[in-house]
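Now, the feature entries from TrEMBL:
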- G102, E103, S104, G105, A106, G107, K108, T109: ATP binding site (BINDING)
- 9-644: domain 'Myosin motor' (DOMAIN)
- 730-912: domain 'TH1' (DOMAIN)
- 521-543: region 'Actin-binding' (REGION)
Amino acid sequence: MAEQESLEFGKADFVLMDAVTMPEFMANLRLRFEKGRIYTFIGEVVVSMNPYKNLNIYGRDTIEQYKGRELYERPPHLFAIADAAYKAMKRRSKDTCIVISGESGAGKTEASKYIMQYIAAITNPGQRAELCPLFPQSRVIVQQPGERSFHSFYQLLQGGSEQLLRSLHLQKDASAYSYICPGAQLKCSINDGAEFKAVADAMKVIGFKQEEIQTVYKIVAAILHLGNLKFYVDGDTPIIENSKLVSVIAELLSTKAELVEKALLFRTVATGRDVIDKQHTEQEATYGRDAFAKAIYERLFCWIVTHINDVIEVKNYDTTVHGKNTVIGVLDIYGFEIFDNNSFEQFCINYCNEKLQQLFIQLVLKQEQEEYQREGIPWKHIDYFNNQVIVDLVEQQHKGIIAILDDACMNVGKVTDEMFLEALNSKLGKHAHFSSRKLCATDKTLEFDRDFRIKHYAGDVIYSVTGFIDKNKDTLFQDFKRLMYNSSNPVLKMMWPEGKLSITEVTKRPLTAATLFKNSMIALVDNLTLKEPYYVRCIKPNDKKSPQLFDEERCRHQVEYLGLLENVRVRRAGFAYRQSYEKFLHRYKMISEFTWPNHDLPSDKEAVRKLIECHGFQHDVAYGKTKLFIRTPRTLFTLEELHAKMLVRIVLFLQKVKLPLPHKLNGAGQCWKRYNQKSKINEEGSDEAFSEACSCFAGRWRAAELIRSVPPEVLPQLRAKVAAMELLKGHRADIGLQRAWQGNYIALKPDRAQSSGSFTPVANELKRKDKYMNILFSCHVRKVTGLGASRDQTDSHLDQQDINTECPEGLVGLSVSNGKDQLVVFHTKDNKDLIVCLFSNDPSNDSRIGELVGVLASHFKREKRSLHVSVTNPVQCSLHGRKCTVSVETRINQPQPDFTKHRSGFVLCVPGN
């Protein structure tokens with residue numbers, strides 16, 4: 001559960017809804033949007049609302065708040081999901097991927113930018129972000145109502161200098177260009193001029209050369225000019241109306257005008273040994289022009305992405321220095337589309353979303369099941385809508401819609417869209433998710449010989465077959481590929497390697513657009529299954545780009561086709577909330593007398609069990625190996641209410657303690673009165689000085705009262721724990737504060753039976769010889785000998801073979817590592833340091849470093865002597881006057897800790913499994 005947010009902002013995680021219903025989901029979404037909370041979790045998914053305004057939540061301070069934190073330790077944010085992906089990559093050396101989806105205008109691009117910004121701020125060499133190109137090509141030539149084309153076109157026109165625009169034969173008015181004219185009329189908050197400069201500066205920073213940047217501008221300009229070409233046929237001869245544009249396009253693409261004109265008007269065909277030029281119809285020339293424009297833009301996009309990925313890739317990669325080469329992929333994809341008129345483009349886009357939704361649900365279920373298995377929680381089957389049947393309807397070999405469409409495109413002779421629809425009716429007429437007017441004669445929402453309907457997971461979509469055949473054919477003829485390969489611009493030539501083939505060498509029928517798209521989707525899904533995925537679901541709150549308006553119907557439509565409620569149901573099918581015992585205790589320990597301020601139970605798990613049972617929640621939870629699982633949100637909210645009430649009581653108590661009234665302190669009140677009468681306080685700063693004096697006095701008095709209640713036999717242990725905490729907290733993960741400290745372990749609880757009999761007489765002899773009263777600490781150790789070997793040793797007081805009888809006076813400091821190992825180095829005045837590893841077999845994972853440090857620090861404090869304690873890895877030391885280092889390494893299948901020699905000193909090898 002996300003902290004730092006009260007319920008006045010709604011539920012920070014949709015999984016915590018009281019009931020999984022659309023009305024409750026929408027109510028929570030609206031409340032959070034209206035309260036300025038644009039991010040909400042669904043488990044490990046982030047739902048993102050486009051705020052249509054700038055928010056100050058992406059700066060360096062915010063990055064630091066999320067860096068290294070667990071997903072639910074901070075409020076929902078893109079940075080939380082980005083950090084989770086980064087940690088998964090670092091901890092498990094596994095490639096990860098963040099999939100960002102939503103419709104146009106929902107904020108996908110901005111979300112990907114902020115995620116990349118966060119990763120760039122925290123990433124190290126060896127872990128890199130990788131851009132995954134997948135975008136709607138059709139937007140280059142046509143946009144849906146209310147949409148702009150790609151920003152690059154408008155940025156170039158508005159941000160380019162007069163000189164640059166002249167060299168590209170462009171004018172600033174975007175409405176002068178057919179491809180982007182509709183978007184030019186839209187009200188837009190984007191400052192295209194400023195964005196142009198920002199993109200240009202970024203390209204320079206990333207390493208693009210000036211001639212490469214100029215090529216980008218030329219390609220974008222060439223596409224705009226292509227859109228203004230118009231065709232007509234004079235008799236049997238195809239002609240370009242505005243032929244002057246051909247010379248402009250040729251100049252920009254560094255080729256010859258006559259070659260551009262021929263590629264636009266004719267198609268070169270090889271028939272046996274003969275090569276003929278087949279002239280286009282007006283419609284074929286228009287389709288060819290549009291296919292060429294889309295392909296140029298796609299090649300440019302892929303080239304830029306490849307260039308960036310090459311730049312950010314670690315050079316001279318060395319796994320010993322950088323670790324395993326891992327990747328975070330950031331995938332920004334178009335969302336499900338349902339328009340008044342849905343054609344071939346929407347069919348492909350919705351198939352993409354159908355396939356990704358199938359993968360999404362499978363992976364969420366898989367992750368849930370794996371966590372249950374890790375934690376030892378029984379797994380129950382979860383019913384959910386399996387949309388594999390719809391994926392098969394589209395992509396199945398020989399039987400799917402794409403296969404039927406390809407067959408229609410390959411037939412000899414004139415094949416129409418109506419004939420394709422008839423083939424669909426014949427082969428798919430009995431499919432539960434397919435229908436048409438011929439199959440449902442009474443359904444007047446469908447037109448005869450034009451429409452078919454698919455029941456997608458997100459809802460029913462009616463597609464018009466008009467244009468399916470032409471759009472599916474490979475209208476990017478080989479002529480265009482050869483034209484670009486033979487360009488004198490080396491960047492353009494590099495983008496079109498297949499243009500190297502002559503017409504007689506190209507014998508294989510090109511794949512259709514639908515098959516190419518299907519293959520790219522299959523490859524994408526295969527790629528994603530090899531990565532650990534994280535998801536961002538983007539929602540557009542309204543079509544007016546208003547930061548205040550929440551369009552209920554518009555948002556519900558997106559929630560449905562993004563499958564968000566289905567996602568909540570899957571995540572909620574078992575347990576709504578889970579948290580590690582340590583973190584659960586950290587938040588809720590104050591609500592139980594058994595756990596506040598610290599518990600004395602054998603483990604955090606037992607302490608959590610006690611806390612849960614004392615509040616009567618035991619029937620709504622399950623106890624995993626490392627986590628507590630809570631079934632219903634109501635239990636969690638009750639815990640939060642108890643936490644909030646107790647927090648108020650604690651704050652009030654601390655306020656009373658901080659500035660006590662004189663009569664509250666009984667005898668202490670008289671001291672206060674005398675202080676007040678005798679003190680002569682200057683007016684300037686008097687209140688502050690008096691407040692500080694009272695606070696200090698009250699604090700000391702309160703501390704004395706608390707210590708007075710502690711039994712005398714416990715005080716030495718308490719002082720030692722305080723000393724250990726002062727020296728080690730924040731530097732070592734495990735100090736051992738939760739357990740009882742016994743000190744003389746060999747005498748009280750022998751780890752090794754064979755040594756317990758000889759320990760007592762040896763200890764008594766040392767007491768007589770060295771004239772000391774008590775053993776502060778004893779346990780078995782593995783030590784480094786003077787010869788550099790390691791052997792087991794019983795350590796009492798400190799080892800007599802290595803430190804003389806004046807050891808307490810000779811000891812000047814301790815060094816321990818910052819891990820969970822038991823390495824200790826005792827530093828002495830004569831530079832004859834003692835290097836040991838503490839042994840504890842009962843229990844085997846019992847850490848005694850904190851106790852040893854605390855006991856010695858407390859002892860030195862009583863003796864009014866200083867003891868320097870260092871926490872580091874590797875540890876610097878001196879063995880018989882020779883400087884050396886001791887480092888700690890984790891090794892798989894290491895049976896027990898042991899020292900090995902190293903060129904710079906020693907390595908303590910500790911078990912890693």
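Cβ from N, Cα, C; glycine included.
Since we're looking at a predicted model, the values are computed, not measured.
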Candidate with sparsest Cβ neighbourhood (10 Å radius) among S104, T109, the listed binding-site residues: T109
Output field, ATP shell: CB within 8 Å of site CB centroid, site G102, E103, S104, G105, A106, G107, K108, T109 dropped: N50, G335, C538, K540
Summary of DSSP states over the region 'Actin-binding' (521-543), given as helix, strand and coil counts: 9 helix, 8 strand, 6 coil
Largest tally of Cβ atoms lying within 10 Å of a Cβ, found at which of the binding-site residues G102, G105, G107: G102
Per-residue pLDDT averaged over the domain 'TH1' (730-912), given as an integer: 77
Proximal but sequence-remote residues of the same chain as E103 (ATP binding site) (Cβ under 8 Å, at least 6 apart): Y334, G335, F336, E337, C538, K540, Q558
K108 (ATP binding site): tally of other CB atoms within 10 A of its CB: 24
Cβ-Cβ neighbours of A106 (ATP binding site) (radius 10 Å): 23
